Amino acid sequence: MSSKPEPKDVHQLNGTGPSASPCSSDGPGREPLAGTSEFLGPDGAGVEVVIESRANAKGVREEDALLENGSQSNESDDVSTDRGPAPPSPLKETSFSIGLQVLFPFLLAGFGTVAAGMVLDIVQHWEVFQKVTEVFILVPALLGLKGNLEMTLASRLSTAVTPSQRLGEGHGYHSCPQVQATVVGFLASIAAVVFGWIPDGHFSIPHAFLLCASSVATAFIASLVLGMIMIGVIIGSRKIGINPDNVATPIAASLGDLITLALLSGISWGLYLELNHWRYIYPLVCAFFVALLPVWVVLARRSPATREVLYSGWEPVIIAMAISSVGGLILDKTVSDPNFAGMAVFTPVINGVGGNLVAVQASRISTFLHMNGMPGENSEQAPRRCPSPCTTFFSPDVNSRSARVLFLLVVPGHLVFLYTISCMQGGHTTLTLIFIIFYMTAALLQVLILLYIADWMVHWMWGRGLDPDNFSIPYLTALGDLLGTGLLALSFHVLWLIGDRDTDVGD
């Protein structure tokens, strides 16, 4: 007597129930299906019924970790089994929702860079900046280091941290930037000494030790403070349903510029007061922070993810530091001329805004790619070797939409920041119409180039098997510093040549 097939192991429709047999697959050489159920056929043999097709394991993990907010959720009330074979598209954001989530952090970051610019405008007249002009070379390098480490940390955590994780679980991710900050801070001081020595041919040992102690102490303390803030911001943003890719990197930038520049100014000024005792104090400061390196190395090695970055993540931050130092050399040679002293207040603003926007875009593209597989995998999101500008800015996909939104924020954002500087009577330049036109042209060109490079670079790194979270943002923020400083210096020189030479504002 035959009997009806009885269920042997009934699974949930969404594939989250008891796991299927590890040997089950949908054909020779293909991956096992994400959700299956086995029923006993008439002959007693197991009959496999597909409940849900082709769910990439990495995509599922990333979706669970990244799409907790309502604007990106793939959940619905329909429990139908007909969901199609394609992996879920995670980024279902409109231009309005992207702009709304980015706007407040963008303005917050911008006001942070305005405050940093005001600080730089004041401290450029301090004796330490006048006598040891190489400190100006450290400014873009250390501010860029914030982007290279804290923004990269924010991007990694945005991909990896789930709402259920507590603050203490991010310490593994925090330890690696501490190691990198100490080492790269030391290398930045060497670059500042070299770049300061090459044009003039003058070398001062006390000044070299001052730069080393100031750079290492600033990088270490700033990374420690900002890293702790970033962990809290990302976990908090997930709990209230906000995409951390949109808020974490701008907040890191807003606080990073101000904190880093304030630390550099205060530490270098305090050490300069002890110039007569440099043989004792400067080496001790360097030795203290270097002695802490083994502790952070041990903590970083405990996590497999940070252990890999600890071994392979040095190339981008070191190259990025060198690129930013070139921008620092441009800043040093420009603001050292009294005719161009007004450039100091605008440099952190244009560099910070450009770096913030491109970091958001790079983090979003990287998160989108992680939803569809692992770096180097051949998937539908194939890397584009050389995308056209039309593809980057005018295609219907979500990354192009976010590029348009971020680019459109440049003009209104900078107008607000320029108005704030004008109200605070910062800088040494009157905000005339011709100045605003030149400034906006430089800012738009900077962000346009950065967004295009980000689209190419993130996909190119993905195709080579490199995680863009670890490699792309350092290069992009460093290029932002170089482009912003170079274009701004060019604008000031052109304005001087055509007769716009008002340099008394703020005196």
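Keep in mind that glycine also has a Cβ here, set from the backbone N, Cα and C atoms.
These come from TrEMBL:
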| type | residues | note |
| --- | --- | --- |
| COMPBIAS | 1-11 | compositional bias 'Basic and acidic residues' |
| REGION | 1-42 | region 'Disordered' |
| COMPBIAS | 13-24 | compositional bias 'Polar residues' |
| REGION | 60-91 | region 'Disordered' |
| TRANSMEM | 102-123 | transmembrane segment |
| DOMAIN | 139-267 | domain 'SLC41A/MgtE integral membrane' |
| TRANSMEM | 179-199 | transmembrane segment |
| TRANSMEM | 205-235 | transmembrane segment |
| TRANSMEM | 247-268 | transmembrane segment |
| TRANSMEM | 280-299 | transmembrane segment |
| TRANSMEM | 311-331 | transmembrane segment |
| DOMAIN | 347-490 | domain 'SLC41A/MgtE integral membrane' |
| TRANSMEM | 403-421 | transmembrane segment |
| TRANSMEM | 433-453 | transmembrane segment |
| TRANSMEM | 473-498 | transmembrane segment |
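Packing against the transmembrane segment (433-453) from elsewhere in the chain are residues 346, 350, 353-354, 357-358, 361, 387, 389, 392-393, 403, 406-407, 410-411, 414-415, 418, 476, 479-480, 483-484, 487-488, 490-491, 494-495, 498, 500: each is 6 or more residues past its ends and has a CB under 8 Å from a CB in it. If you look at the transmembrane segment (179-199) against the transmembrane segment (403-421), you find fewer than three C-beta pairs under 8 angstroms, all six or more positions apart, and that falls short of contact. Most Cβ pairs under 8 Å with the transmembrane segment (311-331) belong to 473-498, among the candidate stretches 102-123, 205-235, 280-299, 403-421, 473-498. Non-local neighbours of the transmembrane segment (473-498) in the same chain are 140, 143-144, 147-148, 151-152, 155, 249, 316-317, 319-321, 323-324, 326-328, 330-331, 334, 339-340, 342-343, 346-347, 350-351, 354-355, 358-359, 362-363, 434-435, 438-439, 441-443, 445-446, 449-450, 453-454, 457; each lies 6+ residues outside the stretch with a CB under 8 Å from one of its CB atoms. Counting residues per DSSP class in helix, strand and coil order gives 109 helix, 0 strand, 35 coil for the domain 'SLC41A/MgtE integral membrane' (347-490).
Looking at 102-123, 205-235, 403-421, the range that has the most CB pairs within less than 8 A of the transmembrane segment (280-299) turns out to be 205-235. Counting only same-chain residues 6+ beyond the ends of the transmembrane segment (102-123), those with a CB under 8 A from a CB of the stretch are 129, 139, 143, 246-247, 250-251, 253-258, 260-262, 265, 269, 344-349, 351-353, 356-357, 360, 405-406, 409, 413, 416-417, 420-421, 424, 426-428, 506.
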